[in-house]
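S.K.: Have a look at the structure that comes next, please.
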Amino acid sequence: MRSVQIYRWHLPMDAGVVLRERRLKTRDGLFVHLQQGDRQGWGEVSPLPGFSRESLGEAEAALRAWTLAWRDGEAPLLPGLPAVDFGISCALAELEGSLPEAADYRAAPLCTGDPDELFAVLAAMPGEKVAKIKVGLYEAVRDGMVANLLLEAIPDLRLRLDANRAWTPLKAQQFAKYVNPVYRDRIAFLEEPCKTRADSLAFARETGIAIAWDESLREDDFEWVAEPGVRAVVIKPTLTGSIAKVRKQVEAAHALGLTAVISSSIESSLGLTQLARIAAQFTPDTVPGLDTLNLMQAQLLRPWPGNTLPCRDREALEPLL
Ligand SMILES: O=C(O)CCC(=O)C1=CC=C[C@@H](O)[C@@H]1C(=O)O
Ligand SMILES: [Mg+2]
């Protein structure tokens, strides 16, 4: 006997979360719940506006069709929309017991503004110190000075930087100019410095600062080849697809000697804790990029260990079936 439900939810965001120049006031998404006998599984389907190819409406229609077919005993194919495939594959993996409970709850602290705050967080951080800073939002020179200052002040710090393709080659050079060459190797990677891949590769070559692909990974013409200066890929499962597809990408990255970082697409705590489990399973040696929960004002269904935001339960969700 199979039973199913789809829930809709809306979470208020912290004031001031801006994505691709759009203010994100609420994070809206869906959960799917699958039950078979005494086994059950949950999955999150929350396309990220401005990043996902599919809208929430398209995701909901595809999720409904798949879920009802599954309830009726079929083995429907995944719909092929990344956020939907991701959520369904998580629910199925929980149901089948193939998503281990063990999770990697380390998260590289994400700093979008004041470096003083990051300073305090890093001072209190045990073990490997790795943090991620958004760059490209202000002057490139300022970004370079902040990176340099942090690397100088905290000798065991490794930085991940993310420019989201904000820089022209000139701006990228202005950034690099302010980072002391002896610290450059402690920039674990700089995600997508320039608008084109060719410019980003040239930047890595010219500055010795390693880069990582994030957006590029999801472009149709992306190829898995080793390129000088590329050190990592950032894999966002909600934008990628099923757990099986995520696993293939991790394997492709590792085969090229690249670091694979499982990263958030600003999922709720349910999706984020599942990403922490996926990271523990596929990338146990790499701190995942999952420090986005505090951009929200509440958690849903499953709390992230140690997080103090209130956790809303099933009653806060709107059943759609
Ligand atoms: O990768 C991380 O450490 C956190 C996730 C993160 O930085 C992002 C998630 C989703 C959208 C973006 O604003 C941003 C990114 O650009 O990678
Ligand atoms: Mg990025």
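The backbone N, Cα and C atoms fix where each Cβ goes, glycine too.
For reference, TrEMBL lists these features for the protein:
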- K134: active site, proton donor (ACT_SITE)
- K236: active site, proton acceptor (ACT_SITE)
- D162, E191, D214: Mg(2+) binding site (BINDING)
- 115-210: domain 'Mandelate racemase/muconate lactonizing enzyme C-terminal' (DOMAIN)
S.K.: Do you see any of the recorded positions K134, D162, E191, D214 whose C-alpha is within 10 Å of K236 (active site, proton acceptor), and which ones?
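M.R.: For K236 (active site, proton acceptor), the recorded positions whose Cα atoms are within 10 Å come to D214.
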S.K.: Which one, from the active-site residues K134, K236, has the smallest tally of other C-beta atoms lying within 10 Å of its C-beta?
M.R.: K134
S.K.: Give me the sequence-ordered set of same-chain residues, not including D162, E191, D214, with a C-beta within 8 angstroms of the centroid of the Mg(2+) site's C-beta atoms.
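M.R.: So the additional residues around the site are R160, L161, A163, N164, F189, L190, E192, A212, E215, V234.
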S.K.: What is the separation, in Å, between the Cα atoms of E191 (Mg(2+) binding site) and K134 (active site, proton donor)?
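M.R.: So the Cα of K134 (active site, proton donor) lies 9 Å away from that of E191 (Mg(2+) binding site).
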S.K.: For D162 (Mg(2+) binding site), what residues in its own chain, 6 or more apart in sequence, show a Cβ-Cβ distance under 8 Å?
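M.R.: The list for D162 (Mg(2+) binding site) reads K132, I133, K134, V135, G136, L190, E191, E192, D214, given in order along the sequence.
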S.K.: Check the DSSP secondary structure of D214 (Mg(2+) binding site), expressed as helix, strand or coil.
M.R.: coil
S.K.: Should K236 (active site, proton acceptor) be counted as helix, strand, or coil on the basis of DSSP?
M.R.: coil
S.K.: What is the one among the binding-site residues E191, D214 whose Cβ has the most other Cβ atoms less than or equal to 10 Å away?
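M.R.: Ranked by Cβ atoms within 10 Å, first place goes to E191.
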S.K.: Which value does the mean pLDDT take for the domain 'Mandelate racemase/muconate lactonizing enzyme C-terminal' (115-210) in this predicted structure?
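M.R.: Result for the domain 'Mandelate racemase/muconate lactonizing enzyme C-terminal' (115-210): average pLDDT 93.
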